[in-house]
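Here is the structure we will look at, set down as structure tokens.
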Amino acid sequence: MVEEMINVLHQSERKLTEQAKRVIDDKLKVLIQCNPSASCTHIVKVQVLDVHLDDTSLVIPFNPYLDNIIPIYCVAELIGPWGIAVNDESHNIIITEHWNNCVTILDREGKKVKLLGGKGGSGNVKFPSPRGIAITPDKCILVCDNHRIQKISMDGYLITSVGEEGNGPLQFNIPAGIAISPITGQVYVADRANHRIQVLNPDLTFSHSFGSEGSANGQLSYPRHIAIDSQGLVYVADSGNHRIQKFSLDGQFVAQFGIKGSGPGQLNGPFGITIDTGATGLVYVSEWNNSRISVFTSDGLFINSFGKNDSTYQFYHPYGLAFDKAGFLYVCDDYNSRLVVY
């Protein structure tokens, strides 16, 4: 009754063909099973005898184990994309454009829908130099900006601002990355030029800090970004020491991985970091100096790297990283002035 079925997958001019397997259950339903060789958007074409069924769009979430790692799409004309966060309710993508002094909001297809701050932006907020960004549980935006943290609405109106230049509690020296603990709701800030992590309460009052300048375990050298896993462990991109350090919620050193270099598992200028908390728990690190993304297990075991040697999708100083709940990876490709989505 059912003849051979062929599943043809393609994206743009790239064609990936797989032989489909038929699985017929007791209700005579036919399931098509295939193994796509790249994570991207495919078009599934199915023919039964001489009847062509309607094409179906099939999106394969990012898989670092695949040989062909191909973006779904890119968003161009971003001026210094540094920080990124994804609103999983609205599916909007929120990016800091450092050199454009603004926060840009994109829809899930990458279309620009709103500009906050900057020239002609919505709201009353101003950004001299926006860097890291995070979304609070009440769906506001936290932005590392100059020597302070600004909390703003999704419409660009200032709610509160904390911090000033200095090295005391709630003082900052070029804060770079920011992350919110899923366990406590506390806010972790990479206080870059103070070589420490400052921890703020959900109301942005000071809680505690950890780290000091140096290269020993628990010490930091120009920390850039922070990611927090589902257990509450804090991962810090320790850029000056070319490593990732892992801490407990209260700042106790747990482990570290990475040494300076360009080989597999080595790091050179780790700037951005994110964790695929919804699926694998893998740690993704953007390397500024190696212009690539390296992937590790939570224990620091190297998995793969991509983006450096592919002439079509090569990064040029990648920075901020983020995952959404569906498992798609977003990369701020700074010097290429674009966002790359996998």
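Cβ atoms here come from the backbone N, Cα and C positions, even for glycine.
What TrEMBL says about this one:
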REPEAT    80-109  repeat 'NHL'
REPEAT    159-203  repeat 'NHL'
REPEAT    207-250  repeat 'NHL'
REPEAT    254-299  repeat 'NHL'
Quick test of the contact rule: Cβ under 8 Å, at least six residues beyond the ends. What residues does that give for the repeat 'NHL' (80-109)?
73, 115-119, 121, 126-135, 139, 141, 143-144, 152, 154, 156, 177-178, 319-325, 330, 332-334, 337-339
In the predicted model, what is the mean pLDDT computed over the repeat 'NHL' (207-250)?
98
Counting by DSSP secondary structure, give me helix, strand and coil numbers for the repeat 'NHL' (80-109).
3 helix, 16 strand, 11 coil
Is it possible to list how many residues within the repeat 'NHL' (207-250) are helical, extended or coil according to DSSP?
3 helix, 22 strand, 19 coil
